[in-house]
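Features as listed in TrEMBL:
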- A:6-35: transmembrane segment (TRANSMEM)
- A:82-102: transmembrane segment (TRANSMEM)
- A:114-134: transmembrane segment (TRANSMEM)
- A:154-174: transmembrane segment (TRANSMEM)
- A:195-216: transmembrane segment (TRANSMEM)
- A:222-239: transmembrane segment (TRANSMEM)
- A:251-273: transmembrane segment (TRANSMEM)
- A:293-315: transmembrane segment (TRANSMEM)
Amino acid sequence: MELQTFWFCVIALLWLGYLFLEGFDFGVGMLLPVLGRGEEQRRVLINTIGPVWDGNEVWVIVAVGSMFAAFPGWYASLLSTAYLPFTVLLLMLIGRGVAFEYRGKVDSPRWRRTWDAVIVLASWVSPLMIGLVLSATVFGLPLDAGGDRVGSPLVILTLPNVIGALAVLGFSLLHGAAFLSLKTEGEIRERSRGLALRYGPVLLLPLAALMLLAQLREGTTWTWVPLVVALVAALAGLARQGRWRDGQAFALQGVALAAVVVTLFGALWPNVLPSTLNPAWSLSVAETASSPYTLMVVSWVAAFGTPAVMVYQGWTYWVFRKRISTAHIPPVHAPSPGGAH
Amino acid sequence: MVPVELLDIARWQFGITTVYHFLMVPLTIGLAILVAGMQTAWYRTGNTRYLKMTKFWGKLMLVNFAMGVVTGIVQEFQFGMAWSQYSRFVGDVFGAPLAMEGIVAFFVESTFLGLWIFGWERLSKGVHLACAWAFSLATVASAYFILAANSWMQHPVGVEMVDGKPQLTSIWAVLTNSTVLAAFPHTVFGCFAVAGTFLMGIGGWKVWKKDRQRRATESEPKSMADSASRPAGDDEDRKLWHKSMRLGAWVGVVAFAGLAISGDFQGKLMFQQQPMKMASAEALCHTEQPASFSIFAYGDVSQPDCESVKSFTVPYVLSYLANGDFTSEVEGVQELVPEYQQKYGTHLPDDPRLGEFAGAPIKYTPNLPATYWGFRFMIGFGAVAAASAAAVLWFTRGGRFPEGRWWGPVAIANIATPFLGNIFGWVFTELGRQPFVVAPNPSSDDKVWMFTAQAVSPGVSPGEMLTSLIALTSVYAVLAVVEIFLMVRFARGGVEAVMPPEPDEDDEDSDVLSFAY
């Protein structure tokens, strides 16, 4: 029983890590056409996340892989029921990953414009899909007794889930702006900071609505605590941003996000995926969990692996800790069309 | 629930996405290790030639790496999306190696790759080299966990049935499954075969081009002046490509030897673990003793009675391949079918969740043309690639390169052979497993098996599945063109296009990044 609870928390933590880390790199991608005026500035934006976005993305793979290992029934029902959103998410992650790597490999404005469009599209659409499926796992889906979907592929598009989609989108955008004000200097820093201050409250609105909804529909008394923490941290973050404390603002957004994830997963517990058709068909932690032996095996791996991941990913951020600006961007270096000779 | 076309679409999708993913993976694994080796040589000798090799082959590796990473995400998700019943059935066992792969290998790979790409001059040379080894060894570890998961589907071990589902009793048994211990070396040798042939192909093409250019300038009237003014770097450049080519050929020869030995071992194991797969690989319709190996067949091998098939055979060889004994008996398809029917049933369960498959008869013979030819093409393409590596070692010894206008294109075309061998090998091994998704372990009585028809997601509509199949296939097709376009461009660009420009003297302490996207 304790191992099942532990793994429920580990999965919440992995999703938190993913939303925190890839949240800001989605935000940077979304802001590419807004804050990146001209090629040099766009390259500054992309290079703030250049060395780290790939490591960030692995969090979603490990979150989903851990759901498979620890709660196979959860993994199977959520991914097959939300088949289309996951398909769209996969297409976006494919395009986005390739775009970062290939964008600078040919020195041509048209080539770069194409990949920029892919980055922007994927950075807007991916958080929507993630928000959609995460709120669906909290609010439930029309599952039959076997855990499979009843109804059309689009049954996931309910109002609460759409609010959830907008919540992750809004958070990612704000988080991206805060990250850029922390990682750049000069003009881009000022504009991203201005954007965070001006639109911050609006961007956080769907997230607040999502939390309140989850709390009212599924929550318990104690989940009011993280809800309040989330609101206070988010507002304090904006206040610190106003005082040019970029690092504190960014960290406080992280605290707010952590509180949101705790509220949502707290509201979900002891289920992992409710059925909106019949409460008896809801998938619970106890029903979907792997055997104690399997959970113990993956616990040992996670116990040694996860801290190591945090250490070396933290080290990566330390290595590339410097703020960058257009003055740091080297000239484009790519093969010329005809080859060397 | 579960109309027939849903299963077909899901299988096509899995086949296409997995084969495509496995075009990228072997090149990534083999090339990553070779690049780490080149960087080590530079670190130890300080010779710029090794630095140039690291940068050039490293760039091609990165173009490919990105594609391997993004197509791998699809793999992790599609078990749940398209194969929910499979995921529920095997989750207690199958998820663990996947989660381990993520935590132990994939995190290391992605994080240290980022450090390696952006860390030139930012990190000390030693630390930067350590990053190269970290991500390249992590790709090998990744392969191990994925193959452990796949091997469990081929040969379930370390489990007992509890409430109709396999429950893990020993992770150690899963990680040391005889099937993975055989499949892992075979697959890794396959990766080096791909990477070696890749170096050989592009390196050879560059040498061929240099030689042709040189001959063209020498035959011109004012050749004296030209050859005198030919930059000294040109000879050095040729040496670099020649060395890369020969390195690739050596790697290839060793890898192909390893492939043959590990393949023989794996084949003998498969004759015990999945006799039907191997009988199908041989289109061996009737039990023979001693059994002959079929080199080539014509007629319709898809008929299990084999009446129309004429086959060129070598006597005794199949007995040896199967059992290491030239006179032993090898069971044929016709004799195996009743055995399988007796052990695993003649019809699928009459379960309404199986939809159109409920109570359907089970066809135990895999797709014979696919297994028969898949097996032969795997070996055939491998043999062509092996012979080419050996030929390159002989004909290019001591800096030689044969004259002839076709050698350049041939070197490039030859890059495809080990890829094709890999693909046919996987098509054979996965189609040969049918009709099972989890093939039964004949030496165990724990009754763990699952038919592919039982594995697909019952709640997903064929329309959704077709949408994702078309979308993924189209995106993959476009990206294949882009990747090849970039590879060609960087190959043409050569070393100049990947070496950073020489820094200005007074620019020593500038803040410009050594690398940026």
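Each residue's number is its place along the chain shown, starting with 1.
Just so it is clear, glycine is given a Cβ too, placed from its N, Cα and C backbone atoms.
Proximity of the transmembrane segment (A:154-174) to the transmembrane segment (A:6-35) is established through 3 or more Cβ-Cβ distances under 8 Å for residue pairs spaced 6 or more apart. Residues 3-4, 6-7, 10, 52, 55, 66, 69-70 of the same chain lie 6 or more positions beyond the ends of the transmembrane segment (A:293-315) yet place their CB under 8 Å from a CB of it. Sequence-distant contacts of the transmembrane segment (A:82-102) (same chain, at least 6 residues past either end, Cβ-Cβ under 8 Å): 29, 46, 50, 53-54, 57, 60, 115-116, 118-119, 121-123, 125-126, 129-130, 132-133, 136, 141, 153-154, 156. Cβ atoms under 8 Å from those of the transmembrane segment (A:195-216) belong to residues 31, 34-35, 135, 138-139, 160, 163-164, 166-171, 173-174, 177-178, 181, 223-224, 227, 230-231, 234, 237-238, 241-242, 249, 260, 263-264, 267 of the same chain, restricted to positions at least 6 beyond its ends.
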